[in-house]
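Please read the structure below before turning to the comments.
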């Protein structure tokens, strides 16, 4: 199997993982905003997410002089570590599924800020102690503090942007009771009837509401924030579970049984994530949540609108997770949590693809810039804390 042995190689893996993991949520959001049911999107995504793990295992898990390789470990008595890896896959799958609904309620940027910050605060602390403190605490925990500050800025950004959007929609008598006639009237007054609405206007928000799969007008953002915090808790546990699977800090393996390598652990990790996602999303096809329309497995198979994008999202997430684990095994999983600064990437895509924060107030822009600066500092500090696993 191939192993990352240098700190520079580990940091390169982390940076590439940051790009991939910050991009796939934007692609998933794109399909939802174009009206594709999230159940359909997630079923496509989970197929290629598993395929990415298989590709990594069959290539990097088999090449190089280091042993044991991927196929050898499949037949070894390492079920205890396999259970930790699969537990990590289960909580990650639940977190990813939850965020797909949270994006619609509170936006891509805010969802990523809150979940990433919870992940780093809890997950990094757990990984630091699991890794026998190979990361420099005097550098690592100031980085964690930067994430805490970032989540405060993120919450403020959401509150300010929500107020901006409400003022844009002031022509509605009430968001909860707005009639279709009122929506058409406001649309015409904002130029929607003459062509595509400008990003950031009330007409743009109304057009988006009509087109998207998950309807959010008149619904409390408390729902979205609750889903977001649940996802953050799930995300905070998957990396420590994977750490236990590959390093056996609790000494659960029998004497003489090799520890799981990253590629074997990632394979089992992805298998459990796939099974959970498959079961839940097939259930959501027939018994949907949050007011989504009912679908069927036949309708899913016939829905090719956005399927290519969904497949791409799965590949990006799969390869991103694999790179994160490769970097974490080399330099410490606490440092690898720097890839959770996904808002650096997802906010860029949110602005470029979805018009988030267009025509917002100066206060919102100031808070947004402050949030992004804190994430840049956090990434630099966390990566600077990288150690070397002996």
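Positions of Cβ are set from backbone N, Cα and C atoms, glycine also.
Note that the coordinates shown come from a computational prediction; the quantities given were computed from them, not determined experimentally.
Among the residue ranges 196-218, 265-287, the one that TrEMBL annotates as transmembrane segment is 265-287. Checked against TrEMBL, the range among 16-37, 82-103 recorded as transmembrane segment is 82-103. As a quick check, the transmembrane segment (333-353) and the transmembrane segment (41-61) miss the bar of 3 or more Cβ pairs under 8 A, pairs 6 or more apart, so the two do not touch. Spatially, the transmembrane segment (365-384) is not adjacent to the transmembrane segment (41-61); fewer than three Cβ-Cβ distances between them are under 8 Å for residues at least 6 apart in sequence. Relative to the transmembrane segment (41-61), the listed stretch 308-327 leads the set 82-103, 139-158, 222-245, 308-327 in CB pairs under 8 A. Panel annotation: around the transmembrane segment (82-103), residues 25, 28-29, 32, 38, 41-42, 46, 111, 115, 214, 224-225, 227-228, 230-235, 237-242, 244-246, 260, 265-266, 268-274, 276-277, 280-281, 289-290, 317, 321 of the same chain, lying at least six beyond its termini, place a Cβ under 8 Å from a Cβ of the stretch.
Within its own chain, the transmembrane segment (308-327) has Cβ neighbours under 8 Å at 4, 9-14, 16-21, 23-25, 27-28, 30-31, 36, 40-42, 44-53, 56, 60, 92, 96, 239, 242, 246, 262-263, 265-266, 269-270, 335-336, 339, counting only residues six or more beyond its boundaries.
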